[in-house]
Structure formats: structure tokens, C-alpha cells
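What TrEMBL lists as transmembrane segment is 12-29, 49-69, 90-116, 158-177, 184-203, 238-257, 278-303, 329-348, 383-406, 412-434, 441-463, 535-556.
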């Protein structure tokens, strides 16, 4: 971009003030908010977090940085088809509410993957699931931290190393001081800022384009608003069909099986409140998700007659929104700094949230089970989780530097996300809804599910696919009035010019294969057709493969040792068990014995007496079995419930 440092003093000032204000949230939470006395306070948020804050936090975690920067460029250059992924997201919410949440909320668990250990009595299954989550989140966070650094470097000249280091160290400060509550309030602050900036861009764009009706007309005329393509072509990048099916399975894996989301559900007071929050979140996510697309519409309407990329003013698709802000808001000092701070804080809030969840999962699933550490005091557990979070902050910083040097890592990380969603969802569906599922089927099903999806994923990198062709772009009407004077190149200040560059394929958010293609196989080859399946279906394929093999192996390897407490599967699955053929399912039954630690705190007595105490997760109102703990998964069998397999 072309602003000099002197003219950007206000932008730098606003940027620094906003970042410092975000950091102050963690400091205030630490010294003036409710104190974190236990691990549960840190993991599940000390003090009460309002439902509105929780809703905005969940919405921000769902959308990520791409909603702010990537979707406007997606609409500008490829149209609104990707917007239809909203259908799958919205459908996932009620399923999570009525299938996943009832099972989680009946247990006293810190890591969602503890549930798999309780259900299958297998450390292998638990570690496979949590290891999948850790790998996926580390890769994703490396990209999340790096993404805004591209815009920060291009627009206001902040070096990559400075922005990556800044995001990482502020995240570590949040992790040490604030826990989940600081992460939630960081999400809230970022969400509100994103809304304000988006609304400012929409108002400015509508004014520049000639009003909302003109914006819609221009986008419809140029093919940016084509919806409802119910094609069953599995190789098309995204259609309405893949948006519904593919995104539904991916969203179920994220909302229902991912620690950073389940951690928020378990921090609430009751199952009813969780359900209310998630259902009310549907209109919130719809509005926030759609805001970015409306931003893309107004930006396109402004530049419909003179595309900045084809004119040589930007180098990558994802620079279109920062370019618009610098071009059209030059009269308002500081707005570019606020926009850049929003990108910075978007990566920051997501990083804080995921550091908390990654540290919790790593401690609960990999470190705490070590025999010598089982009796670790609660305060030491809290310290260990914070130290692990700091370590992961440094690891993510290193991955971000790697992403900056190797562009292909960006595409690979997106493929890893798609490929790991299916097996993770599949094993949780088996645990909750398939009574006969055992640890043998679950572990083998996950391994095969991962093998198949990774095979398709990385096999697809060896197949040359058609180049990403953007929708029609226009530079015929470019003139010395197309952009503001401080943006306009000197050679373009006197009349009309011709396009200077050729549009490049998508760089960060969109087409994921173009950098890594190496060979072209025969189009009729079945293997090539398999490799050409769009990543939108990877989660569906992985889920199906995991359940198919896991259920089959479980059916033929069932034994008396597979007994588990019936409350570990969904109530509907228990009722429907009689409809399945085969021998009867035998459940174990735990006597309600008051745990020694719980007895000391008198928490189980208060729970049993109907108290609404929320001092620990086990005492949450609505808990079905407060005596469940991860360590008690192998308790004695006192009775049986006979149901068909």
C-alpha cells in the first residue's frame, strides 16, 4: 500500500491503544474479578459469565479470522456459494444440543476426551482422539496467527516477526492471567469490534455504490449471488449439497467434539442454559457470518468497474478488504489502525481460547494419568496447565514463522482440519449412540478412518486440478477517479490505463491444492476421481468409514469386559437398543458412593439435596451422576441392565 509513516500516525496510535485495551481485559480479570482458586475456576471460568458473552464467544470461535478477511474476498472473486455453508452450521446446533450436550452434562469431566475413556475404558481411544485435536489445533493456530500478519505487513508495515511475536506473547499473558474467562471476554471485545468495523464498511460502501438496492443489483448482475446449486458432483469445490452435508459433519465435529467448545458448555450452570445459549446462537451466528458477505458485496459494488487486483494495486485476493479501508476511509484518521487491530485481536482471541483448551487436554489426557502425578494437588495442577499453555504459545509462534516461509503449510493445515473432523466425530457418535461399540472397534475404526481420509487428502495433492478461475473482473472503466489520490499510482493520474497483472489463484482461505499439485493422471482413472473429491466431503467420508468399521468390529468382538455405565450413552440410544438384533447388552451399574474428596467439600451432599451449588463441575445443577470421575471408570459392577445389542 502507499501511505507513508507520517500520514499513519493516528492508525499506529489506534492500533497500539486497542491492543493494550485487549490486554487490560486479562489484567482486570486477574486483579479485580473473581479469583481463580482452583483448576476448575481456570478451566471453566471463575465467576459468572453472562449468556450474551458466552454466545458471542461461541460465535467468534466458530467463525475465526477468515470471516473477517477471507469471506469478503471470496464473494468478490468467486461469488456467494460458500455462504451456503451456513446451512450446515445452523443444522449442527440443535443436534449438538439434543445429542451431545445431554451426555456431557451428566458427567464430571474436565477434558471432553475423558468421556471416551469412561465409555470405552481405553486409554488408546482417548489418546487417539485428544492427539487428533492437539495436532489439528496446533496447525490451525499457526495459520491463524500468521494470517493477519500478511495484512499488517502489507498495509501498515509491521514486520512479520513483530506481529507474530506480539500475538504470541499477548496470548501467553492472557493464558497466565485469565483462563477461560479472559478468553471469553477477549472474544466478546473482538466480536463487538468486528461488528462495528463491518457496519462502518457497509455504510461507506453503500454510500459509494449508490445505495443498498444498487449494491444488490450490481452483485446479482455480475453473478455474485448465485445460490441453490444442488449438484451431486463430488469434485466441485462447493455446492449447496456439499455445503449442507459436508459442513454439517464438519460443524458437528467442531461444536460437539472439540475441547474449546465443550469447555464452554460445561462452564454453564445447567443443561437448560447450554441449550438456550446454543439455540439463541443460531441468529447470532447467522448475522455475524452474513455480515462478512455483505461487506464483500459492498466492496464489489464499489470496485465492479475497476478491479484493484487486475489493475496492479494489490497482489493477493485477500488484500481487497484492507485496500478498500485504506482507499475509502482516508478521510477518517485511525480507521485503518482499528481495522488492523481487529485482525490482530481476532487472531489473539482465538489463540487465547485454544491455548487454554490445548493445555487442558494435554494435562488431563497425557500428563495426569501418569501414576506418579495422579495425587498432584489442585494448585499444582493449575500451575501445570498454565505452563503447558505457555509452552504451546511458543510452539504456535514457531509454526507461524514456518508458515511464513513455506506457503504450502497453509494448504496442508486446511486439509488436516478437514481430514481429522470425520474420525473424531465418528468415534463420539459410536460412543453415544451405538450401545455395542467397544474399545477395539472405536480404536480400529478411528485408525482406518484417519488412514482413508489422509490417503484421499494427500493423494489429491498428486492430481493436477483445473486452475481456480475467478468470476469475470472488469477494468474497462478504470480512470484517475477510480481510487483516491493517495492510492493512485503516478502513471495512472492522467486518464485510463490497461490491466497490469493477471489474477492469481487464492492464497490463504480458498483453493487449497494449487501450490502442491505435481502430476496429472488420466481423467477416467477411478483413483483420480477419488482424489478429486472436494475437501468439503472429507468429514462425511471420515465419519462414515469410522462408524462402519468400528461398529462391525465391535459387533464381532463384544465380550463381558465391555460393560459400562448406561448413563454414558444417550437416553434415546438406550431406548432404541432393543430394536437391534443380537444378544442382550449388559451394562454395569455404579453405586452412588460419596467420593472422599467430594465429601470433604460437602459438594455431593449439596448436589443430592437439590442445591444449585456450582463450586465444582461435579456439583452443577442438572448433573445426573455427580460421582462419575475419570479415575472411577473401572469401578465394580453391582448390577446389570439387560437390553439387546
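Any Cβ shown, glycine's included, is placed from N, Cα and C.
TrEMBL annotations: computationally assigned, not manually curated.
Remark: the transmembrane segment (238-257) contacts the transmembrane segment (535-556), by the rule of 3 or more CB pairs under 8 A. The stretch from 184-203, 383-406, 441-463 that makes the most Cβ contacts under 8 Å with the transmembrane segment (158-177) is 383-406.
Where the transmembrane segment (535-556) meets the stretches 90-116, 184-203, 278-303, 441-463, the count of C-beta pairs under 8 angstroms peaks at 441-463. Within the same chain, the transmembrane segment (184-203) packs against the transmembrane segment (329-348): three or more Cβ pairs sit under 8 Å, each pair at least 6 residues apart. Tertiary proximity for the transmembrane segment (441-463) is limited to same-chain residues at least six positions away from its ends with a CB under 8 Å from its CB atoms, namely 116, 120, 122, 124-125, 128-129, 132, 415-416, 418-420, 422-424, 426-427, 430-431, 513, 516-521, 527-528, 530-533, 535, 538, 541-543, 545-555, 557. Below 8 angstroms of C-beta separation, residues 51, 55-56, 58-60, 62-63, 67-68, 71-76, 80, 83, 86, 89-90, 93-94, 96-97, 101, 191, 194-195, 198-199, 201-202, 204-206, 208-209, 214-216, 218-219, 222, 224-225, 265, 320-321, 324, 328, 482 of the same chain, each at least six residues beyond the ends of the transmembrane segment (278-303), sit close to that stretch.
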